[in-house]
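Novice: First, the structure itself, so that you have it in front of you.
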Amino acid sequence: MTAREQLPALIPDSAEDRNTQWSAVIVLALATLIIASEMTMAAFALPLISTDFAVAPETTAWVLLAYSLPMVALAIPAGRWADGADIRLVFLLALALVAVASILGAAAPSYAALMVSRVMLGLASALYLAVYMPVVSLTVKRAQRGRAISMVATIMMLGSVALAPLGGWVADHLGWRMVFLVKLPLLVLVLWLGYRVLPRKAGDLTLRQRLPWPDQPMLWETLLIGAALSAVLMAFEVAAQQRLLAASLVTVGVAILFWWSRLAASRTLLTLVRHPGFGLPALSLLLIAALIGLISFTLPFFVVEVMGRGSQTLSLAVLGFVIAGALMSPLAGILADRYGALNIASLGAGLTVLGLLTLLQLDAQASVAGLTARTALVGGSMAIFNAPVMATLMAAAPGDRMGTASGLASVARTLGSIVGPAVAALAWTLSGGGVAGLHSGVLALAAMALVGCVALIWARFHSWLHRAEADA
């Protein structure tokens, strides 16, 4: 039996013998909104932090990096650890650490102290992301997971529309320190609700059994995976200014990952990644998550430099993207539960490619309505992909490795959101900017999305082939 055959496509889970706990899904959605808001909310504080601590504006980028680096680097090891822990306790611990880190950040007497609090916040976020899938697995029936994940996505997207202007208002009127504290009332509510509604690990277990101490192989694995992913992440951050350094960092990261892959502890994780039912959708998630490069880089430059318009036009374009996604996400969940998550994810990926290609019609004379309609088309198409692909990953992951799967999915999405802007920036630069820069960026991102779509189609074909062999 090969490594790919050892991982079943569908594995029964503990939520099948009881009704779906929709209250737990709402708690998860609110918690995810808090975690997802950290990057956008903190961005509003950067200019004021630069002035208050007398640091260069470019140095304040580390306020974001100090959060994202540990979050990406530790997501997979945290998931591996969470597989043997009490999921409710890990959830509560993660959000409690978010609260403590936020308070420490708001009270930071120096820039160095602020960096420590941001690293702590990244660690807490990695712990939370490790229990995202396990919470869904424990509280939602398999036949309703598409709807549950789409509910989380909808609340998160609608919440982000409100939080973005809130962050700017708080920074302008109450100071940058309050930006880190404004979420605390919601955080306390989510902690209380999580304690009340999330299931705890069965049995009369001690605290040490519910939160086991990582053993030496796990700590060693954490160091290697964390170092490798940190190197790759830093490579994309410096690629525009220091290409030689970026190439060196990627080489170091790949070398460390190869070293880790030779260890016995890597076998479980590699078996999961190599299984087409999980690895191909994870690859698709990474590639289509890269489309954030359209919103974060290509469109801002196109709106300002080509259309000659300001931030209001860009805000309308982004708003169209988000609202269309929020409206389509519930439908995507219903369709995924009825017609199969992998089928709908493939449909969403294909529609995303087509939606991106409509942006090729834009030029310097493009209207605001035309731009917004096209970004809404892309946002709605991505929403048809997002929830179903997460449900697909959950269906392919063993029940006792759901934390590992959750960590892997988080890393795939985060790496995609980092790779996308880098690809968009490179396409814009090489083509000389302007309309050509927009078209080059769109084509590059559409090509990535197309590969993601093909990966899902191949995963569907492999699933069909596997069933045909089993029936023969």
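Glycine too: its Cβ is placed from the backbone N, Cα and C atoms.
Heads up, TrEMBL stuff is auto-annotated, nobody curated it.
What TrEMBL records for this protein is below:
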- 24-464: domain 'Major facilitator superfamily (MFS) profile' (DOMAIN)
- 24-49: transmembrane segment (TRANSMEM)
- 89-109: transmembrane segment (TRANSMEM)
- 115-136: transmembrane segment (TRANSMEM)
- 148-170: transmembrane segment (TRANSMEM)
- 176-198: transmembrane segment (TRANSMEM)
- 245-265: transmembrane segment (TRANSMEM)
- 277-302: transmembrane segment (TRANSMEM)
- 314-335: transmembrane segment (TRANSMEM)
- 342-362: transmembrane segment (TRANSMEM)
- 374-396: transmembrane segment (TRANSMEM)
- 408-430: transmembrane segment (TRANSMEM)
- 436-459: transmembrane segment (TRANSMEM)
Novice: Are there residues at least six beyond either end of the transmembrane segment (436-459) with Cβ under 8 Å to its Cβ atoms? List them, or say none.
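Specialist: Tertiary neighbours of the transmembrane segment (436-459) are 276-277, 280-281, 283-288, 290-291, 293-294, 297-298, 301-302, 306, 342, 345-346, 349-350, 352-353, 356-357, 359-360, 362, 389, 392, 420, 423-424, 426-430.
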Novice: Does the structure show the transmembrane segment (115-136) and the transmembrane segment (314-335) touching, where I'm treating 3 or more Cβ pairs under 8 angstroms (sequence separation 6 or more) as a contact?
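Specialist: Touching, no - the transmembrane segment (115-136) and the transmembrane segment (314-335) miss the threshold of 3 or more Cβ pairs under 8 Å.
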Novice: Return the stretch with the most CB pairs under 8 A relative to the transmembrane segment (277-302), choosing among 89-109, 176-198, 245-265, 408-430.
Specialist: 408-430
Novice: Could you give the residue numbers and ranges of same-chain residues that sit at least 6 residues beyond the transmembrane segment (314-335) on either side and whose C-beta is under 8 angstroms from one of its C-beta atoms?
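Specialist: Here the qualifying positions are 146-151, 153-154, 157-158, 160-161, 295, 299-300, 303-304, 344, 348, 368, 371-373, 375-388, 391.
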Novice: Taking every residue in the domain 'Major facilitator superfamily (MFS) profile' (24-464), what is their average pLDDT?
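Specialist: Reported value for the domain 'Major facilitator superfamily (MFS) profile' (24-464) is a mean pLDDT of 88.
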